[in-house]
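Listed features, source TrEMBL:
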type    : residues      : note
BINDING : 188, 299, 303 : Mg(2+) binding site
Ligand code: ADP
Ligand code: MG
């Protein structure tokens, strides 16, 4: 049967024509869409990165307009740069440089005092495996500089003089070194602290969901569009491969490894995580990832657990309720604290 011809009105109406009220609604929607795009009022994910503390810091903000997210990220970068200025050993005006040069008690910023206070807790709990006065040792090895080298044992002994639990004595914001020769190094904790401060800035700006990643020192706020964050942990021996993936809520996750800053002599890998008991890079681990409430704590615990190795590292983590660990020992064996097992996926 032949289809009947369409009614007159329909034949005169082109297919794309919309009745006036509908057309108006579409125009309003298009206009709204354009305005939001042009003025940055639409909510979208925004990621920006900047180099701070010698590493790429990436901040991703979710659920805010581009304008709001951008302003909050700028503020977060600014606070991180301020922490760097206080804690870098390379600027003579920094707290760390002034402390290293100090012959007697010195008053430092509230931020530096807070970092040292947390570091003291980890130093005591790790029986000195975490030590904030290894500045001379770090300088001697030059792992992060142009000309790294294996020092003599006499040089190592001299660089370790006066180090050990209680080498920095703090009273509020006043710090005194046990020996005037000690050089302070907050490299094992300062980056995590800067990440925490950035997170606080974002939260104050009304950001509910965000991720801050400072070269493996990560802090997560909220969730990822109603789902957990998924964080990939770099395999310590296979470039570009993941060791594991973690499903996490709002928390901090920090990795210390021997695979990024190192040099080799005679097939031996010398890296930047020193055992204060020997003055040599610790050989007990390949990588340690710590999940904790703050990035500063996770940072210090990851460094300390790396130095201590699997047994001591897991024992140290037990002293910090809520903190969890994935540790890859020197022989490649994996050790996961009980509280994290449900969050780990192995590839
Ligand atoms: P990164 O993320 O920069 O690799 P880590 O948190 O792994 O930093 O810590 C490495 C840094 O910690 C070293 O460069 C040094 O400044 C410092 N460090 C090395 N050994 C120790 C230690 N035993 N205790 C405290 N800090 C240390
Ligand atoms: Mg650390």
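Don't overthink the numbers, they just go from 1 along the chain as shown.
Note: Cβ is positioned from N, Cα and C throughout, glycine not excepted.
When Cβ neighbours within 10 Å are tallied across all protein chains shown, the highest count among the binding-site residues 188, 299 belongs to 299. Taking a C-beta cut-off of under 8 angstroms and a sequence separation of 6 or more, residue 303 (Mg(2+) binding site) has the following same-chain neighbours: 130, 188, 189, 256, 273. Shown in sequence order, 130, 187, 189, 191, 192, 254, 256, 300, 301, 302, 304 are the same-chain residues outside 188, 299, 303 whose Cβ sits within 8 Å of the Cβ centre of the Mg(2+) site.
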